[in-house]
Amino acid sequence: MPATIQNPGEQQPLDDTMGVMYVGVMISAVFYGISLVQTAYYYNRYPNDPWYLKYLVAATLVLDTIHLAFITHTIYHYAITTYYVKEELTVMVWSVLAEAVPTGVSGTLVQCFYTIRVWRMSKKNYYLAGLILIIVFANAACGTAWVIISLQMKTFTDLLTINSLTISINALSAAADVLIAASLCITLYRAKTGFKRSDTMISKLINFSANTGLATSMCAMASLISLVASPKTLIYALFYFCIGRLYTNSLLVALNARKAIRGTEDEHKMVSIPSSVMSPPPTHKPRSQNISIRIDTTQEYASDRKSNHMTLEGNDGLDGTP
């Protein structure tokens with residue numbers, strides 16, 4: 001969803017147009033590589049997750065792949081295919097508009113995932129979850145309208161006519177991310193029980209929620225500020241090209257960190273003790289005999305009614321499911 005650029009006849013430098021777009025593609029590719037590693041880790045670490053979580057991860061990765069292909073085609077078109085045709089810099093290639101589709105769909109899916117998490121951890125607060133969903137779907141509606149309208153345009157300059165719509169998309173995206181992060185942090189803080197282990201897990205969740213929400217919201221705000229401050233450049237695209245990848249990595253980090261946050265790894269130890277150590281010397285012909293003893297370490301923690309159903313060993317809402 002690029003901004004506008006100046007007329008090539010004005011001989012403006014390409015640093016703040018195709019240059020920043022190229023940098024955005026490179027950074028986006030790095031984040032894509034990170035998401036590939038995280039996806040492999042997820043499927044290996046959580047093979048028993050519900051099918052819908054597995055499909056959600058697969059869908060976001062496919063959308064990221066499509067988006068990276070689109071923006072790579074865009075930069076190749078302007079930097080290689082039409083390198084000697086300056087007039088082409090003002091003409092929008094189809095992929096620079098189509099890339100907004102996978103980004104919008106991916107962002108909506110991830111924000112809905114976090115909305116379900118807010119709904120569960122807030123004791124099914126329908127008003128709060130409903131407010132977040134209104135912002136999320138308003139953003140999706142604006143994005144859909146932007147794609148439909150922009151596909152009827154030919155030049156980057158034409159996009160100035162829907163600049164307000166572009167600003168709305170970034171503003172709504174940032175607002176949804178901030179509201180989700182704030183809701184999670186406040187809800188988790190109120191769920192503290194006074195028990196050390198429970199509060200430690202909740203503190204980890206608060207820090208985690210704040211950090212993951214901060215990354216996507218700051219990227220959306222940076223894109224918004226760049227668009228408002230410099231609408232005739234593509235500095236805006238540097239951030240927008242990366243925001244979809246940040247949503248995907250945010251989702252994967254949330255899923256992959258569950259066991260570490262819960263700290264519920266079972267501790268089992270097998271100890272083999274020779275029978276000669278536990279009994280007096282035999283009076284008859286000795287026989288080799290080992291006794292295998294299984295020692296299970298079980299830890300129990302008290303909880304109270306204020307724990308908001310976030311138990312250490314049960315379904316605590318970390319997967320975003322009801």
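Note: Cβ is positioned from N, Cα and C throughout, glycine not excepted.
The structure displayed is predicted, hence computed values, not measured ones.
Record features (TrEMBL):
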- 288-301: compositional bias 'Polar residues' (COMPBIAS)
- 173-259: domain 'DUF6534' (DOMAIN)
- 273-322: region 'Disordered' (REGION)
- 20-43: transmembrane segment (TRANSMEM)
- 55-79: transmembrane segment (TRANSMEM)
- 91-114: transmembrane segment (TRANSMEM)
- 126-149: transmembrane segment (TRANSMEM)
- 169-189: transmembrane segment (TRANSMEM)
- 210-229: transmembrane segment (TRANSMEM)
- 235-255: transmembrane segment (TRANSMEM)
* Mean per-residue pLDDT computed across the domain 'DUF6534' (173-259) -> 86
* Asked: Any chance the transmembrane segment (20-43) and the transmembrane segment (210-229) are in contact, meaning at least three CB pairs closer than 8 A with a sequence separation of 6+?
  -> no
* For the domain 'DUF6534' (173-259), what are the DSSP-based totals of helix, strand and coil residues? -> 76 helix, 0 strand, 11 coil
* Recorded stretches the transmembrane segment (55-79) and the transmembrane segment (210-229) touching, at least 3 CB pairs under 8 Å -> no
